[in-house]
Each structure stands twice: as structure tokens, then as C-alpha cells.
Amino acid sequence: MGYIHVDDENIQQTDTRLATRKGREIILQAFNWESHKYDWWSNLERKMPDIAKSGFTSAWLPPASQSLSLEGYLPQDLYSLKSAYGSEHLLKALLQKMKQLKVRAMADIVINHRVGTTKGHGGMYNRYDGIPLPWDEHAVTSCTGGLGNRSTGDSFNGVPNVDHTQSFVRKDIIEWLRWLRNKVGFQDMRFDFARGYAAKYVKEYIEGAKPVFSIGEFWDSCNYHNSRLAYNQDSHRQRIINWIDATGQLATAFDFTTKGILQEAVKGEYWRLRDAQGKPPGVMGWWPSRAVTFLENHDTGSTQEHWPFPAKHIMEGYAYNLTHPGIPTIFYDHFYDWGTSIHDQIVKLIDIRKRQDIHSRSSVRILEAQPSLYSAMIGEKVSMKIGDGSWCPLGKEWKLAASGHRYAVWYKEN
């Protein structure tokens, strides 16, 4: 049997659950792996009116703190907002524009590891002298050269990993997150490399900082047999769900299971999109209000291409994610770098989602899941198909709302 979960519709509203409870989020990942090479904060400020008009509720920004790597993922001085993406002044101008346009800013929270400033124990750079949060070697896990405790998760090799078991570390991190939230102007938070430390600490950080919405990146490998993706990915999605549960259900998580299955399905294996219980086969099928769906991000796609979605099937992927339950995320490259046609098709799908009030908990009834065809009805108001197979909903009340290469979406007239 699949994972059964009683959702939290009746839980008292709090700042940290409100957006999750409403379930109307549509997120833009507003950068790629090369964005640091450009005047990024200014670029986003110019595009923000279009981002707002397109229907995005939140834009995930790259790590804003000073970092040893230009991309931002080797942070050092967390309180310095001077990065390769632009100055603190330009960042705050962008955040002000976002506030005016009612698009929430999502901070990329990189707290699994932190690059030291001076050599300490063992001749390693595991001290943080001369900058805010001047931790010593006890803030670094013993697995990565420090004097702290063993890691509560997987190690990120090559740099000092933060020991979240230390109360002084957690206190300092919460103060920093509150500063980002209340002083700088970030409202949402994305937790990088969430496999690196216990989920109970994410719970503590969310409770301390009270972001409107938060996502964890819990990314591990799908199940494979003889180098082919297995049909049954229940254990993979269960691990993501266990992580969400351990955050006190305060965080959502990226639905890596759905990405892995969907990018194989669109190659002519659409049968993969229905699990043994007749549900969507990713986290979306078991706990849609916590499943953040996506096709690509700065790691899987962009110039890194660690696990890319097949390019010629991008619109099929968005037709699936934007009509289904869960919380859809759009990748910057697809939206702005792949041409006006892709941009406009995505906007049309977002518009259908909003007009027909598809949300994270919408019902989904899978009608066909064959090698060359997938079709489903969502919330009784939207029908869709992807693949080469011929299909359309029965009844004159269904009107074609959007169509393109190997996809079509219909809505039901009232």
C-alpha cells in the first residue's frame, strides 16, 4: 500500500503554514548556473513586472551571501550581501520591487557547510575568525576536520560541514535567518542540500524564522534496475516524505521522484505515470500539498546537466506539472532563454491553472497511461493529454484551452 497521510486542512493557521495550506503557489527559479556572470539583481528587477504579470507567487533567488564560489554555494560571511550577483544596494532594490509587485522573494539557504577563514585544528580552514559568526572548530563536524560531533546527515566533501547539534550554531543560524526575513526582506526559504543534516533542525529554523513558505532539497538517487529506471519508486518518494514529516510537516520538498519518472515517461513510456494504486507515481501522488514539482534546476540542467530533462519534451512536462496537484516550479532558462513561444505557452498554462483554480490538493483521475499516451482529469474542471496518442474528453462542454507539441489541455464550461 502507498503512504496514507491525513492532510492538515484543519491545523490552525500560522505564518509558516499559510501558503502551504492555501496551495496556490507557483514558483519561478529565477537563476541558472551561469547567472553570476551577469548583472543579475538588475536583470531580475527589469523582468519582475513580467514575472508578476505571468502569475508567479514567489521567485527563488540564488544565494545572496558572500561566497568562495561565484555561484554562491560555498558561503563564508553569511551577513555580507555583496556577491557575484550584485551589490547589497542592487539586491535591496530588487527586493523592494518584488514587494511592490507582490512576488515573494525566496532565499537560498546554504547552511550545510561554510568555508573557514583561518586554519585551526589539523591545519584545516575550520575557523571563522574576523567575520560575523566567528565560530571555532567546534562548529565543524568531526567527519570534515572539526572538533564538533559527527554529522547528522551526509557529508558535503571538501569543505567544513556545519555541526547543527551545537546549540550556539543553531542560535546564530536562527538569528541570521530572522535577519534575512525581517530586515533584508526575504519571505520564503529554500534549504540547500537538506540530506546533510537532520530534518529536525530545519523544523527549528522554520519555527525560529517563520518564512511564509519553505522548500527542502532532499535529493537522492531514484531506483534503477540494470541502469534502467525502475517502475516502482515508492521507496524513493517515501524517503522524501519521511524528511517532510521530520520537519514537523512545516517544509515542502522538491519532488525529485516525479522529475525522474516524468523525464523517462515522455520518451514513450507514459505508462510510468500511473502507480500500482492508480495514482501519480511521485511525491505528488501521496502528499501533493508538500510536493514541489519541477522539470529542471541549476544542478540538473543549465550548463551542469547532471540529470537533464529531454529538451524537445519540455512543454509536455509543463503541461503535466501545471495542470496537476502539487506546487509547480518553472526554470528561468525555459521561461526566458528558450524563446517567446515557450514563454507564452507556459504563461497560458499558468493562466489555466489559476482560472480553473487548480491547487496543490486538487483531485486527479488518470484516464490513460499507455506507452504513447497519458491523459487525466484534474478537479473535474480540466482535462489534459500528453504524448503522440490521440485522445480528447467526451462531451460538448469541454473546450480546448491550450495545445502544442504533443500536449493539449481542455477546460469545462460552466
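The backbone N, Cα and C atoms fix where each Cβ goes, glycine too.
Copied from TrEMBL, the annotated features are:
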- 25-353: domain 'Glycosyl hydrolase family 13 catalytic' (DOMAIN)
- Asp192: active site, nucleophile (ACT_SITE)
- Glu217: active site, proton donor (ACT_SITE)
- 354-412: domain 'Alpha-amylase C-terminal beta-sheet' (DOMAIN)
Fill in the blank from the handout: Cβ neighbour count (10 Å, all chains) around the residue listed as 'active site, nucleophile' is 18
Fill in the blank from the handout: Rounded Cα distance in angstrom between Asp192 (active site, nucleophile) and the residue listed as 'active site, proton donor' is 5
Completion exercise
Same-chain residues at least 6 apart in sequence with Cβ under 8 Å of the Cβ of Glu217 (active site, proton donor), in sequence order, are Arg190, Phe191, Asp192, Phe193, Ala194, Ala253, Phe254
